[in-house]
Amino acid sequence: MKSALKWDVIAKCGTTKARAAVLTLPHGPVNAPVFMPVGTQGTLKGITPDQIEGLGCQIMLNNTYHLGLRPGQELLDTCGGAHVFQGWNRNLLTDSGGFQMVSLLKLAEITEKGVQFESPHDGSLMLLTPEHSMSLQNSIGADIMMQLDDVVSSLTTGPRVEEAMWRSIRWLDRCIKAHKKPESQNLFAIIQGGLDPALRKQCIEEMVKRDTPGYAIGGLSGGEEKDKFWRVVSQCTDLMPREKPIYCMGVGYAEDLVVCVALGVDMFDCVFPTRTARFGNALTATGTLSLRQAKFKDDFRPIEEGCDCIACKSYTRAYLYTIVTKETVGCHLISIHNTAYQLRLMRQVRESIIEDRFPQFIHKFFKDLFVEKSAYPEWAVNALKSVNVDLIQGEEQL
Amino acid sequence: MTSPLKFQIKQASTKTSGAGESARCGTFALSQPASTVPDQQHVKRTIETPGCLMYSQKGAVPHLTPDNLRQQSFGGVNVSLEHILQTDQPGSFSKWPETSPISQFNGYKFTLSEYLRLQDLITFCDLRDYSFAADTFRHPTSPPAKKLASNTDHHTVLSTPKGIRQLTLDGYLKTVRHYRPDVVVAMADTIAETTTPNEKRVRKSVERSLKWLDQILLERNGQDGTIADRRVEEEKKRRRERKEKKRNAAAAAKAAGEQQEHEQKQEQDQVHGEYKKGEEIYIEPIPSEPWTDVGLFVTVGGAHLEESRVWSAQETAKKEGVDGFVIDTLSLSELDKDSRLKHVQTSLAHLPENKPKLLYGLHAPEDVLEAVAMGIDLFDTSYPFQLTEDGKASLYYYGPRPAGQDKSNSNTLRSINLWDDEHGDKFVPILEGCGCYACKDNKHTRAYINHLLKTHEMLATVLLMGHNMYQYSQFFTLVRESIQDGTLQENSVAFGATFGKEPIRTLEKHPNQVIVEAALQKRNQRLDGAEEGVVGVIGMGSAVPSLGAAVGAEDVEMEDGNKSNKKRHESDEAGEDGGSKDEVVEKKVKKAAESSSSPL
């Protein structure tokens, strides 16, 4: 299949499966591993495009389903796509609208044809087929588009999982056929198969045959046990083509990012940083600060020492305590900080891979975040052990 | 005493006679604009007058993060004490960390400017938020501003985020000493418990304000301004003690029986003997720390009574050490605009020309023009803020139509409402040729902002605020130019002819906003469980996409997501405080007491 991207691995970790790369897309280069902030409705929660650029963000997400509703396909066609619409000149990635199937399940009816949604806004019916999703995504004009997949919750068991996997392959074929702009937009396939290694293997085999510019691991981040989650991720990265970017959808929390990078994942997205910001929670390397708590009343330190975002350069926790959740500026500041935090984390991860000291970075990261080894999440310890990083014993050997 | 503020009048308009004669251009600045702390490179901006202080809530200009804020050319910020006084100790931020390198410099005291990160902007500190006091476009039946309890001889009443608070003179002085703003307004008895005060109340307010002013001036110079109050307190205390003793003595006598009566009587005489009625109580004067580095503005009031207004202005004008005046309009809000302006004029007539005057409330552009013509120098930016809250964007201009604006404003509208459907497919900026960050390079279109409003996204108000503030500053720039070249009157007449009056603000939300909010509610109900989230924004807020409703699309979807990380990331849940595991127990105990979620 035609590709509109270039994937150049510039360094590989000597210990884990991690790699650092440059992903060149139509709207510019992206340093990988990369975390993509989510601007669902064509905006990143009160942050201007200039500010997002200022944070060093090179790619962000928009949501096809939501943009398809508002402003709608016609308007996007008129103005020339989502980039122009929101004043964002760097890269965009759109998901197909498929995830809403899981999240809005009460309102969706899934058939071979497609997914019929009852719009939560006004109850009207919308049929999302692979063809319609491609059409919408072509109008949006994102640099990376995701296939419409039949997503099941990772907690689902039984024949439904396999059914969804095969259907996703069939829908991938329909997507490829319907995709009108492969020379400027990259279609990524999404590996399904739930938590079943056999199904995953089969899915990968089939989808690799379709030779899309990149691949995503889908159907996870739905509340499944973390221990199962990492094993699926690891299996996928083992079997997926290494000369293409690998994207794990819906991941997430800082420790998840670090572990998944070690397991070989290159791209991530998650609403968490911007969403939690609106509730006044700031992410730092040593944990989350819930700035609504009265204990910050007299804490005159910035959110995070050494952070160069506008929130940390300007204000103290004490002042932020007075305005979070009460003034929109408070919300903007924490959103900016959390996005800066996530992007900085990935930058540090990438640098450590390039300098081949990623294992040391991992050790330090977990120590800063969890302090006591007994507090390290077991799944993370196991996952990292599988790629030769022993969080509990290993530090001494470095 | 040399003033910490410098106000220089550039040129009074001499070219026009009659209306506009009193208009003048000037510069308002600190005498020492550069920071004297090492490693601090800040230099305070100068305010060109007529000009504005930026309206703020809780010390932050609404919707503008520090970087976006600095793109505005205004030189100062108006901070209302009642927004930020949080604790009983006004100097709560005097506990700046000792490890900071700055704190090691000769006991440097952290100021309000530092705390709010406004070191490069003139920090003007008033007690209350008067910005909406005398809006000329307020809906006649809109709920009046919160009526507070009356001030007394001993305190003024503030409406803080944590409730009504009484601020005594002592508290006020302590606050000023700790906060050290660049300019502070003297504590005054501004009538807030009624919009129709009677004559007695008005006279009392002027009297009280003048008394407090005298005390404040003494304190500012390092003398004991509260000695008279303390003497009164001491007298009261002694009287109480005497009464108590008498009561105890009487009780003892009764218990002891009649044999003791004679002894007790003797004791009572002794008690009386300690203090002879009429004798003055000696109170040790306390030398106070002067704050002559803080500029002082004084409010001249007198409500709607001419005599009182004259008296207030005349007496205030006599005082030494006053750097500028605030013309009170809070108590004029029931009157029509012309009457209000008449009273403003009355005050102005008795104030010295060479000092700056600030006016709240009369801030729609046409009102500004009338006030400027009378000699007002300073306003605030609550007008662009109000427009933003309503989803409106300014299109007005002053003087000749700016080049390049022909296309988008051929109707000579003074503003557009971005909620209107007609903007839904207009891929043009709010105003062609406007240099604000929303319009510049045609980056954000009317269609986009319309979309943002309809999807309840906060970027809408960020863009609108940036634009409206910018337009307001452009307006003032052109007004100043007109004063300089003598075209103020003719341009003001032309402005009135072109743009008319600010339409009365409606009480209802825009119909599209109603639809959006209803749909949001319905959706949340349908999806069974997404909570409204956190508290909405305090303030006018009728059109502001509230933070509560900004629990957007993806929040609903993440309902079930990532449960396995839920323990450490409890903050996912709508409305709950997050925090580390250690905090969980502590939090449960405190949750009952903490009012962190309660709005104003």
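Even glycines carry a Cβ here, placed using N, Cα and C.
In the three-state DSSP classification, B:H467 (Zn(2+) binding site) falls within a helix. Sequence annotations record features per position, and here TrEMBL assigns Zn(2+) binding site to B:C434, B:C436, B:C439, B:H467.
What TrEMBL lists as compositional bias 'Polar residues' is B:1-19.
The feature compositional bias 'Basic residues' is assigned by TrEMBL to B:237-248.
Under the heading compositional bias 'Low complexity', TrEMBL lists B:249-258.
According to TrEMBL, the feature compositional bias 'Basic and acidic residues' maps to B:259-272 (among others).
Annotated compositional bias 'Basic and acidic residues' per TrEMBL: B:578-593 (among others), in sequence order.
Among the features that TrEMBL reports, domain 'tRNA-guanine(15) transglycosylase-like' is placed at B:23-221 (among others). When averaged over the domain 'tRNA-guanine(15) transglycosylase-like' (B:23-221), pLDDT in the model lands at 83.
TrEMBL lists B:296-495 (among others) with the feature domain 'tRNA-guanine(15) transglycosylase-like'.
Residues annotated as region 'Disordered' in TrEMBL: B:1-22 (among others).
Marked as region 'Disordered' by TrEMBL: B:229-272 (among others).
Annotation source TrEMBL lists region 'Disordered' at B:552-600 (among others).
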Spatial neighbours of B:C436 (Zn(2+) binding site) that are distant in sequence (at least 6 apart) but have CB under 8 A: B:Q71, B:G466, B:H467, B:M469, B:Y470, B:Q471
Additional residues surrounding Zn(2+), by Cβ distance to the B:C434, B:C436, B:C439, B:H467 centre under 8 Å: B:A393, B:P429, B:I430, B:L431, B:G435, B:Y437, B:A438, B:K440, B:G466, B:Y470, B:Q471
Cβ atoms near B:C439 (Zn(2+) binding site) (within 10 Å, other residues, all chains): 25
Least Cβ-crowded entry, counting other Cβ within 10 Å, from the binding-site residues listed as B:C434, B:H467: B:C434
